[in-house]
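Student: My questions all concern the structure below.
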Amino acid sequence: MSSLKRLLLLPETWHRTLTAFQSHACDDEELHLRCTPSTVISVHYVFYGRQAGSGHLCPDRSTAFISTACESTKALQIVHDRCHKHRSCRLYISKDTFRDDPCPDVRKFIEVMYKCRPDGFLNKIVCEGGQLDLLCPEGQGLTIFSASYGTTKEGVVECRQSEGFELKDCVVGRSDETLRSLCSGKQNCSLRADDRTFGSPGCRGTKHLKVAYNCVERVLLRPAGRHPAEEAIQTTSFPAWVRGVDHSAHSNLWPGNQSIGQYLSVHNDAFSNPPTSRRLEEAVVGDWLMMMKFKAL
């Protein structure tokens, strides 16, 4: 199974505005995923096993592991069940945790890619011609879950129609993409709910703009206005990650000196700090390419 197929699901478009985080651990160590207050873990990729040519990752005294490649088929579901939609998650890594051992007597490692998504959304409705004002506290930015501009059969109490007028479902396609391009990542955003901003759906009656949004810490948002080659994920790590064959600690590739992690940047399809493995690199680049496709819409 390819790495992209190991992504839990194709993330919703709004998910692509969020920064991806990576965490990893060796057997007999603790994996720790964590998000900021008011956000929860959304698991996107899990690998537990061993990969050929990954001898620098979690080595042991045996040389048998150097050419070994194996993968647990249960790791994704178990990490999802334990961590998905929690604010933080600790998981002791061992074959017993995942209830199978894809390569006995070989020291394995786990890699997880996840995002921190809001645990709920605020809703706002603005009638046609009115002004939408979205405000976030200092240090936070907007994430747009959904937006629709037009009319619905049920109508909305905030926007009255002429008596006896029969409405129908009629909305502008890609209203959410329009709003994200104008507001995502900003602390404050104001715009008119009108055809000039969103386009005309060709509806009769008074239209309305309905928005579901929230504010999250800026570290959780992909940087706005950055060149595609500078997009990044962030990574968390633990001091025992890189060890010599004699179990002596080597300097860590990803010093955990920030509140969540350190940037792992993509520069012209290469990484300033290499991911732990080729498979994680494929998953990260796949997520990055999906985000770039969204930006091109």
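Yeah, the Cβs are placed from backbone N, Cα and C, and that goes for glycine too.
Any TrEMBL annotation is an automated prediction that lacks curation.
Since this is a predicted model, take the numbers as computed values, not measurements.
The domain 'SUEL-type lectin' annotation in TrEMBL covers 25-117, 126-216.
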Student: Compute the average pLDDT of the predicted model within the domain 'SUEL-type lectin' (25-117).
Tutor: 84
Student: Going by DSSP assignments with H, G and I as helix and E and B as strand, what are the residue counts for the domain 'SUEL-type lectin' (126-216)?
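Tutor: Across the domain 'SUEL-type lectin' (126-216), the residues distribute as 13 helix, 37 strand, 41 coil.
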